[in-house]
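What TrEMBL says about this protein:
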type	residues	note
COILED	335-362	coiled coil
DOMAIN	21-319	domain 'BBS7 beta-propeller'
DOMAIN	377-486	domain 'BBS7 GAE'
DOMAIN	494-596	domain 'BBS7 platform'
DOMAIN	599-712	domain 'BBS7 helical hairpin'
Amino acid sequence: MELSLARVDYLQVGVTAQKSMRLLPASGRKATQKVVVGDQDGVITCFGIKKGEAVPVFKTLPGQKISRLELGGALNTPQEKIFVAMGSEVRGFTKRGKQFLSFETNLTESIKAMHISGADLFLCASYIYNHYCDCKDQHYYLSGDKINDVLCLPVDKVNCITPVLACQDRVLRVLQGSDLLYEVEVPGPPTVLALNNGSGGDSGEEIVYGTSDGKLGLIQITGSKPIPKWEIGNEKKRGGILCIDSFDILGDGVKELLIGRDDGVLEIYNFESADDPVLKYDHALSESITSIQGGCVGKDGYDEILASTYSGWLTGLTTEPVHREGGSGEELKLSQEMQSKISSLRNELEHLQMKVLQEREKYQQSSQSSTAVSSVPAFSVNDKFTLNKDDASYSLILEVQTAIDNVLVQSDVPVDLLDVDKNSAVVSFSSCDSEPNSNFLLATYRCQANTTRLELKVRSIEGQYGTLQAYVTPRIQPKTCQVHQYQIKPLSLHQRTHSIDNDRPMNTLTLTGQFSFAEIHSWVVFCLPEVPEKTPAGESITFYFQNTFLGTQLESTYRKGEGCFKSDNISTISILKDVLSKEATKRKINLNISYDVNEESVRHTLKLIHPKLEYQQLLAKKVHLIDALRELQVHEGNVDFLLPKYRSILEEADQLLEEYKRQPAHLERLYGMITDLFIDKFKFKGTNVKTKVPLLLEILDGCDQDGLIAFFEAA
């Protein structure tokens, strides 16, 4: 069945947070539903649609930022009471806008996630989970990493309260009271949870999760263990998932899965077979989708999908046909309706333009007076700096509530800027002085009109650490700019993983000294990404990591007075040794450092690097031949006389050039890693082999794995 949806933009409110828009239950079957949305100005707006226009039901006064909006009510009754989380407070409103609850929680931080089930209220701050019943404290849990979302299995189906926390360390934590029942490992950091079909499926135990790297899955949460049902990867390299809903938009009696992503892609998955869902429809909006709901909004009898975006737009994709089929009378009526709508919009636009001119003149006059104080306009920036496992690069996503004029990117460490297909901005590089100022990168992205979202990609070098800064200037008057800083860590290309291969040859670094658990944890946070800033509970902790570029691994176990780091890459151990020594020296802590180097690990790492090296060298050779082969083709008219391998280079020329352009300095990176490996191997033996590096580079150009291993062993 083909799905045809028409886009309608209804209304714009302030900047919205994740899960802050819901549809109130309809009064009758197929009747239109009211929309309720909370924004970061603290305003709750409830409206309905009449004749294509938004008609307000109620609007509250501004207040603290609204971080979540949920619907509630007694179990097995229509869920039409509105609950919002603002700071550490929860407020309740009726569907008419009358406030009936103001509950100040005992949380010291702002509420990040909220779920409501009857009289039970589930709240999460960064690391803390609290369960309240009738506003009385019931249970408490301290999570090992940041909590992104919370959900409770339907009590009427499973007959017990089973909360599930989505945590940043790629784990779903299932609780019983104040205790951890079990953990469920998922393929990426989970950002959102939803009950399958809106009710948890037949058993009430099925949960759909979405991750920040764009993966989607279904897990059955039983009383004793998790049962994974299906999992969908992110083959199209789309954005992270921010919101999920279930709704029968096709009208076939089976609810489809509605997905909203942070790159503005809205997806509909349908269950054609009983197994995995299949992508049925997608639509791209220009900014991240913070909430998604299925229902009937614009017109009786026509279902639609309503999405709220980061800058506050409420956009519908409706099944109502745009061009009506009918006689000339109906067309005339439609055109009259449209004409009156267009004229009212024109009048509104003229009125706004006049108002802007008046305010601008007023500002100019006040700014020229002797007592003038220039006011800097505030604007909100939604940013995300994450490591991509697929190509070992960092994605920096900047989203502004108004159009971006330009973004200046500066770095005090060497980084490569990579091409991004979705990016339409014009980039220009400025020469920078790296010696006295440690300034290695200065690039300006000039954005096209109405660009509110910009995505950049950078690749760092392990062992070189510092700060990447983005200066964001939007198209607003007077000109103003915000600076956002991102740490590039010493082991920046490492990513957290659930387990490692213990059969690999490992090098060990052991530290002992008079340091506390909190101090060594702060050093590990400084060195490695994806480590929670909060010191873990308990006496010791173990983290596992994988290098996204090479596939090598790292195990870090530490406690008060002792730390043990194991890796199959000697360069990782060398970087850790240097950085941890420096951090301890800053705090005047004396460290005893011992290490155990496994000679076999160097051979193992070279075997991991070699296929990548061989591929990149071959790609570089092919790219260098393209111009000469194209010249031959022009002179000779045809290329039948060429060997098949050269003909294939010509046929694939565009793809080869595209790949080479997408990964600049990839070969130099690999050469650098092998050189570091060579120097680090002998550094642990107390030998300086920097004079032998030119000889090593000659061997690398020859691309002979056995010769390379022999050189490492003979040097």
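Any Cβ shown, glycine's included, is placed from N, Cα and C.
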For the domain 'BBS7 GAE' (377-486), mean pLDDT (0 to 100): 88
DSSP helix/strand/coil residue counts for the domain 'BBS7 helical hairpin' (599-712): 95 helix, 0 strand, 19 coil
For the domain 'BBS7 GAE' (377-486), residues assigned helix / strand / coil by DSSP: 4 helix, 60 strand, 46 coil
